[in-house]
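K.L.:
Structure provided below as structure tokens; questions to follow.
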């Protein structure tokens, strides 16, 4: 998640009172890792149920022609720093039952305090 | 000092004995956090709906829904689950709580049942394979594939209702071949056969 959050860590505000159905593409979601139940991870939501996603456009983890349909009640997530991220390219769509919350704002360090706005652009 | 303390105590006592409803409200408020912590992190009581775990839970001859105790501590804190455990997990397809039996852990190879597209599947790390005991009425891993361990909510600890089956789940054992073959004998034999057939479809990974 490098450009959004730094390696050294920071304090963020998380909204846990969300319903996973009302998330939108571009939100920062936190969920229990499907690989290790003791870890909570934060990724950017890319695909909602029913979307067709290209697994890896760079072709490194999967052939760049491979596309998947995100199943019902699942989301597709991806880290902002794609080269160093274990995300849906590795473990596939994530069930909404694993979602814990959505990040709202960064509050520490104070010089970099921001509200995480939805930065998802749709290309016509 | 002691005098004022005593006076305070007696007046508090008088006040509480005249306001019984206030006393009840206060004691409820004080005990509520304890109760919530207990059900969130240790044990919780649930009733089972549906036929997917027959004949282990909700068997046809039982007129009631089973009421069982689920152990959250074993899953969330001790993180121990094994093949054959009955667990409550969130369904990956609609997030509702379902009760299934763990058939295979990570690294194992399972021969799947019809709705699943592949004939055989190797369980990836961090995932498990769950199935209902009654394959015809069950929406399980044969439908939605291996599920992440993080979806498991709790482990079935024991049945408290109906009283006839009170206690922890028994491990199916071969009934005595010389005993008289009454319906109970045949039921036990069927359970045992079912268990044997289910485990015959699983190849357990070497390292575990």
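Using N, Cα and C of the backbone, Cβ positions are placed for all residues, glycine too.
Any TrEMBL annotation is an automated prediction that lacks curation.
What TrEMBL shows for this protein is this:
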DOMAIN    B:22-111  domain 'Peptidase S26'
TRANSMEM  B:24-43  transmembrane segment
ACT_SITE  B:52  active site
ACT_SITE  B:100  active site
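Walk me through where these features lie, including what they touch and how far apart they are.
P.N.:
For the domain 'Peptidase S26' (B:22-111), the model gives a mean pLDDT of 91.
Residues of the same chain lying 6 or more positions beyond the ends of the transmembrane segment (B:24-43) and with a Cβ under 8 Å from any Cβ of it are 69-73, 76-77, 157.
There are 23 other Cβ atoms within 10 Å of the Cβ belonging to residue B:52 (active site).
Reduced to three states, the DSSP call for residue B:100 (active site) is strand.
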K.L.:
Around residue B:100 (active site), how many other CB atoms lie within 10 A of its CB?
P.N.:
25
K.L.:
List the Cα distance (Å, whole number) between residue B:52 (active site) and residue B:100 (active site).
P.N.:
8
K.L.:
Can you break down the domain 'Peptidase S26' (B:22-111) into helix, strand and coil residue counts using DSSP?
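P.N.:
Tallying H, G and I as helix, E and B as strand, the rest coil: 24 helix, 26 strand, 40 coil.
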